[in-house]
């Protein structure tokens, strides 16, 4: 028999309120993702996933990511949405062409890589290109790095060329934006809310080890060079050291390039499948490692944020006590 709220006991009301609160908390991230209401992405409530099974967590995370991506896409200006659609169509067309003409394409890649390897000017050209893609908003760093692997394979020669061009370009970009384009560097910091969080960490700890950790996180290469220059207290020396100690990761690009070259040299299906699987596994491991470092650093940011809030609360209580 139905009852109204007047007939409910206090305990029943508490249970109802707690259930509604739990429902709101569970659905809050999804609502945030589709833009209904909620706080910033960095304020996600991880407790919503606590009682879910691994499969439920995977589906929940996938749906939430799709909602966020769709909401972000719809919030973009019309010309940017058009560019994304055109880029997606271009990728699909290139993928189809690769499936149809993959033998001819790989043969041409092999021929070009051998030709460039024999030219003495290739080293200088690669160094210049790698140097300039370090300046925002230039793009193409991953392409050039993989091309270095195509030409020289996994070798000290290839690593040295790639490392020298990357480090000098990054340091030069950092120096220019720090001393000549500082206002532009500060704008780059605020272009991404996640990068703002890292900027807060670097203001607390601007050591070369923390900078190296940031260099391993999944941020755009050239934009990171300019944005770090907008963070107060970071020296050219520490930035240079951070870039040098992260050069071993460049071997990943060389390995991928070498595997692509090997696919062009060996026409057997089994060998190509092995090379392709090797590339995919390498990319997955590299991506997972980068995101793991990102989330670990994000946790550090949350700790610093909580410490700052606690210190402010303590200071306010002391002021109130003195009054």
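Cβ from N, Cα, C; glycine included.
Swiss-Prot annotations:
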type: REGION; residues: 149-260; note: region 'VTT domain'
type: TOPO_DOM; residues: 1-81; note: topological domain 'Lumenal'
type: TOPO_DOM; residues: 103-123; note: topological domain 'Cytoplasmic'
type: TOPO_DOM; residues: 145-148; note: topological domain 'Lumenal'
type: TOPO_DOM; residues: 170-237; note: topological domain 'Cytoplasmic'
type: TOPO_DOM; residues: 259-272; note: topological domain 'Lumenal'
type: TOPO_DOM; residues: 294-323; note: topological domain 'Cytoplasmic'
type: TRANSMEM; residues: 82-102; note: transmembrane segment
type: TRANSMEM; residues: 124-144; note: transmembrane segment
type: TRANSMEM; residues: 149-169; note: transmembrane segment
type: TRANSMEM; residues: 238-258; note: transmembrane segment
type: TRANSMEM; residues: 273-293; note: transmembrane segment
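Counting only same-chain residues 6+ beyond the ends of the transmembrane segment (124-144), those with a CB under 8 A from a CB of the stretch are 151, 161-162, 164-166, 168-170, 172-173, 176-177, 188, 220-223, 225-227, 253.
Most Cβ pairs under 8 Å to the transmembrane segment (238-258), among the stretches 82-102, 149-169, 273-293, belong to 149-169. Packing against the topological domain 'Cytoplasmic' (103-123) from elsewhere in the chain are residues 97, 147, 150-152, 161, 260-261, 263-265, 267: each is 6 or more residues past its ends and has a CB under 8 Å from a CB in it. Secondary structure of the topological domain 'Lumenal' (145-148), assigned with DSSP and counted as helix (H, G, I), strand (E, B) and coil, comes to 4 helix, 0 strand, 0 coil. The average per-residue pLDDT of the prediction over the topological domain 'Cytoplasmic' (103-123) is 88, rounded to a whole number. Long-range contacts of the topological domain 'Lumenal' (145-148) within its own chain (CB-CB distance under 8 A, at least 6 residues past either end) are made by residues 113, 126, 130, 158, 161-162, 166, 250, 253-254, 256-257, 260.
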